[in-house]
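Engineer: The structure follows.
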Amino acid sequence: MAEQVPPCPCTLPGEEEKPCKSMDLDDEVVQDEKPKPLSDITKINDISEKARLMTKGRATNTEEEHDSDDEEEEESVEEVRDAEKKSPTVSLENFVTLRWYCMLVLVMAELTAFTATASSKVMVFAGANPQIVGCGGVALSGCHELAAFRNNGSSNCVPELQYQFKSVQVEFNYICEDAKAVKNTISVQTAGILVGAAAFGQISDTFGRRRALLLSTLGNAIFNWISAYSPDLFWFMVWRTLAGAFTGGVTVVQMVYMVENIPSKDRMWIQNSITWSPNMIIFPFVAWLCHDWRTMSVVIAAASVVTFFAV
């Protein structure tokens, strides 16, 4: 009798029963794909290694190119610097030397420096207080003794003065307490210098240094000459204030004009030599020779005229 095969449990209802095949456990593992040969894996690894080496080589080459470019740039910069040291840039300053033209500029600068110093410091001597030595033949010493002497009934006595320079106080009789009026005019004159300095700074930038210097020296000469013939303290203050405005112009323009016309390598020692400092020594000697403020005003006017033609 033949052995019957049990129906397959996977048979669906209505289908014909199919016999189930017996299979060992070892046969359950079915490999759908065949394993790749070892030679193919080796080829893939070789290709990956080559790609990696090529990528690394390209990166190394790029870095080397950047390094070489940087080295070339540094070498070119050093070459340019060496060339500049060997052959410096030539400009107009290389052709300017301290010769006759510059010497004439320095003479002009000294004249303008003396004019500005004298015109601005004129009140040091023109406003000097005299020394009271007596009144009406009676020896006195100072304003306090003069005031006490006048209070005792000698108010009409004429003070006896001693001075080295005949100032405005001496000529217009502004002594002791009255001398304050002369000191007040100095403040007004100084204000004129400040206004002139501000105005001529703009004038020199707009119309040129030389024109501004010509105008300021000419105005300084005119009003210093007029002030020498002032009839009283008021008109002396007016003319001196106008002269001070032009003095401010000479002061601000003179130094710039000088520096722009001399070689750059000589500017420092010249600028420190031709200043007010040496002229502050010269001016007192000139004032001592003049002996009075009227003569000194005329001398300052004459110096301004000479400066005008020097410019």
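Here the Cβ of each residue, glycine as well, is placed from N, Cα and C on the backbone.
What TrEMBL says about a protein is an automatic prediction, not a curated fact.
Got these off TrEMBL a minute ago, pasting:
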- 1-10: compositional bias 'Pro residues' (COMPBIAS)
- 15-24: compositional bias 'Basic and acidic residues' (COMPBIAS)
- 62-77: compositional bias 'Acidic residues' (COMPBIAS)
- 212-230: transmembrane segment (TRANSMEM)
- 236-257: transmembrane segment (TRANSMEM)
- 269-287: transmembrane segment (TRANSMEM)
Engineer: Any residues 6+ beyond the ends of the transmembrane segment (236-257) with a Cβ under 8 Å from its own?
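Structural biologist: Sequence-remote neighbours of the transmembrane segment (236-257) are 109, 112-113, 115-116, 119-120, 122-123, 168, 185, 188-201, 203-204, 209-210, 212-213, 215-220, 223-224, 226-227, 230, 271, 307.
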Engineer: May I ask for the residues of the chain that lie six or more residues beyond the transmembrane segment (269-287) and have a Cβ under 8 Å from a Cβ within it?
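Structural biologist: Non-local partners: 106, 109-110, 113-114, 116-118, 121, 125, 165, 255, 258-259, 262, 296, 299.
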